[in-house]
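Taken straight from Swiss-Prot:
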DOMAIN    4-168  domain 'EngA-type G 1'
BINDING   10-17, 57-61, 120-123  GTP 1 binding site
DOMAIN    177-352  domain 'EngA-type G 2'
BINDING   183-190, 230-234, 295-298  GTP 2 binding site
DOMAIN    353-437  domain 'KH-like'
Amino acid sequence: MGKPIVAIVGRPNVGKSTLFNKLAGKRIAIVQDTPGVTRDRIYAEAEWLNYKFTMIDTGGIEPESEDIIVSQMRRQAQIAIEMANVIIFLVDGKEGLAPADEEVAQMLRKSKKPVVLVVNKIDKLKDENNAYEFYNLGIGDPVTISSSQALGLGDMLDRVVEYFKDDESDGEDDERINIAFIGKPNVGKSSLINKLLGEERLIVSDIPGTTRDSIDSYVDTEFGEFTLIDTAGLRRKSKVKEEIERYSVIRTYASIERADVCILMIDAIEGISEQDQKIIGYAHDINKAILVIVNKWDLVEKDDKTMDKFKKELKVNLSFMPYAKYLFISAKTGQRVVKVLQTAKECYDNYTKRVKTGVLNDVISQAIMMKEPPIVGTKRLKIYYVTQIGTKPPTFIFFVNDPACIHFSYQRYLENQLRENFDFQGTGIKTEFRERKEK
């Protein structure tokens, strides 16, 4: 299961982006924020009271004329409803209750999703009375905040995470491996999934996914039990407005959050695009296992060196994730399709791999003997021992004399030693350095 998703919904100019930017400004323990994955920053990984979650800003749609406000608000709220675990419904305490607020409230009530009503722009104590009229929305007790002054944000987040507690017992079968298929329109995601389901003939069920235009297929194979998530929301018949594409990307992010393994599908004829890099970059940033599949390989004129050359070019474009596995297939002809789930399972096995502490320390001791840590300033790094503290991805803590002595090049050397000895292909690994006083 992925982290809970919290969407901020509201009509234009109520302060959605201001609130999001305040939350993403590391004032509430943001643990990871990845700018540049999309032109506008639309998500941030956050933590409050030990609950980790993904904040999504559904702002950025500012209608040019009044007659399109209602239709754009409906679209914005509907997509948030589909994908979010909890919705922050933001209203303007200075301007007061507006017809557009009432329309959104009606949609949210029908959704049965948890909603936290938040009255923004309550900058002074005397403005608190402005919140009372919002009881008329029928959404519950409002929380008053001032996003510009960072007032009341703690109370708001307390209300949000209360809903996570109610959700803790819910969940999908933990033994199932969730695989998200991502990529440009018409790259062959649905064709590949249909091929996999048709050949395995062991479909347990097809159920509607958590996002519109997305179907989750359950399939049991000799390699394990899988949930195949088709991010068909990116499929478009014609070029659409920027805000629609924005929401297609959000839906893809939601699917990535749920996944254990992300399969990036690339068209062998068109090659990799900037959008491909950004989307798979998000999967990399939040530490998912990754498999890159080049589809339509049957259409490429090739010799015995073509595949290696193509893979080298891909590795240059995806240099930020050198650990990724690669597979060249044709969903149409079935070429190497049988290897897709097998390879995805290999990625997952490495993603969840645990290494015994004794073996781990033997390898690191050998690595230190082969290459001594450099001197940083006047001090040389001493590594006392290392232990693995988690998986998804494999995470290792090195106990050292001074974490400031670790040079990035030596950290990379240690990570490479772990990879060479324990095979972490298909998954990133994390290394942390903590001080341990010498006895």
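Even glycines carry a Cβ here, placed using N, Cα and C.
Under DSSP, the residues of the domain 'KH-like' (353-437) split into helix, strand and coil as follows: 32 helix, 24 strand, 29 coil. A separation of roughly 26 Å, to the nearest angstrom, links the Cα atoms of THR231 (GTP 2 binding site) and GLY10 (GTP 1 binding site). Other Cβ atoms within 10 Å of the Cβ of TRP297 (GTP 2 binding site), summed over all protein chains shown, number 22. Rounded to the nearest whole angstrom, the C-alpha distance between LYS189 (GTP 2 binding site) and GLY10 (GTP 1 binding site) is 33.
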